[in-house]
Amino acid sequence: VACSQEEKLWDAVKITAYVLGTGLLIFTALVNSVSWYVQSIWDTSGHFCQTAWLKFYYLLEGQEWTIFLLGAGLVPGLAFWCFNGILMVADVTGKPTFITRYRIQLGKNDPVDTKKLRQAIYTVLCNQFFISLPMLVPMFYVMKWWGNTFNKELPTFQWFLVELSIFTLIEEILFYYTHRLVHLPLLYKHIHKKHHEWTAPIGVVSIYAHPVEHIFSNTLPVMTGPMMTGSHIVSIAAWFSLALITTSISHCGYHLPFLPSPEFHDFHHLKFNQCYGVLGVLDYLHRTDTVFRQTKAFERHRFLLSLTPLSESIPEAPKRAE
């Protein structure tokens, strides 16, 4: 039986590598086919961006550690807190209604428990200042070894898109498997249970986690891509900011128009044993989304292009009277 399970796991890993590798090739091909058009738009602002970058570089007199700290630490941190600051106003006050009417788990965190929220903010700040920032030190020396991070010339838009696809692929693999690992009973009890205190999550709890989990599931999956490709600090700043805002959307508890759907990860917080990944590809391959696919939440898991909340257009089935 053990041998059979190992064979199944190995087959799943091979399928995963094949599907994700194929997906990366297709994505790169699509990038090449449309990048000429996007590049023409990029070129119109490219000179401005290049000039602004050089002014910033010379303003700091080429001090690479300061530039790295601002790009990899301050900019993503500001993006995280500005975005979540808006969401926290809605969570605490219940206003503005153009946000709160899109709540996923109706009646939950309405309003949010302020004591519980303060505890979450304290933990998040500790994770950012005492874990994420120190982890930038070894990353800085890895980036210096590559020699491209502080280049005076910005990367091309095409290369940034290729990097973005690589970062996303690496994050999906590392996050999925480390996330499943911390759901093992022993690790869940002592590590991951903290994050799951929020069965109806809000944006800021995206990095509300045990320090060990914050290192291996939250930070390393995002840092690994740029370290493998030797990315420019501008690309790193953009990727870190995008990753933090995306995970905040996944946890925010609101399915807002014109933003990625958070239904997938919200369902994970509700049920615990479904939807471990970011994109859902590995969940599909490992069949860890089968229950999710049978729910109304799966029907709502789409890009909302109207102003009508999906909780209204695709409501939960009424509970049977006992």
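Backbone N, Cα and C define each Cβ position, glycine as well.
Secondary structure of the domain 'Fatty acid hydroxylase' (166-288), assigned with DSSP and counted as helix (H, G, I), strand (E, B) and coil, comes to 85 helix, 1 strand, 37 coil. According to TrEMBL, the domain 'Fatty acid hydroxylase' annotation covers 166-288.
Per TrEMBL, the feature transmembrane segment maps to 15-38 (among others).
TrEMBL lists 65-90 (among others) with the feature transmembrane segment.
According to TrEMBL, the transmembrane segment annotation covers 120-142 (among others). Listed as Cβ neighbours of the transmembrane segment (120-142) (distance under 8 Å, sequence separation of 6 or more from its ends, same chain) are residues 64-65, 68-69, 72-73, 77, 194, 198, 202, 204-205, 207-209, 211, 214-215, 218-219, 223, 226-227.
The annotation transmembrane segment is assigned in TrEMBL to 157-177 (among others).
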